[in-house]
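The structure appears right after this line, and notes come after that.
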């Protein structure tokens, strides 16, 4: 792995990110070889990813390095079923409130 890397959004988490990135790069190089047994593949970096992710999420809960609405990003870019359900529920609630106020 080269010395060049993308830093974490939070400097306190950078070391964890570099450890995870190194692990994933090594794993991925094996994963793409023709002889790798994909059906038995276990992600050896999952625990490292979880630790790094927790570090970032803890800081995001208290710090906002950018003016970003994470919920809006999740909705617009991930567009999960959960997001769609919340939208439907919010629309139904808004419609119900509008009907009550116009009566």
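Cβ coordinates come from backbone N, Cα and C, glycine included.
Feature annotations, reproduced from Swiss-Prot:
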DISULFID  13-55  disulfide bond
MOTIF     13-23  motif 'Cx9C motif 1'
DISULFID  23-45  disulfide bond
MOTIF     45-55  motif 'Cx9C motif 2'
COMPBIAS  80-90  compositional bias 'Basic and acidic residues'
REGION    80-103  region 'Disordered'
COMPBIAS  91-103  compositional bias 'Polar residues'
Helix, strand and coil residues within the motif 'Cx9C motif 2' (45-55) as assigned by DSSP: 10 helix, 0 strand, 1 coil
Once the chains shown are all counted, how many other Cβ atoms turn up within 10 Å of the Cβ of residue 55 (disulfide bond)? 18
DSSP output for residue 13 (disulfide bond) maps to helix
Cβ atoms other than its own within 10 Å of the Cβ of residue 45 (disulfide bond), all chains, total 19
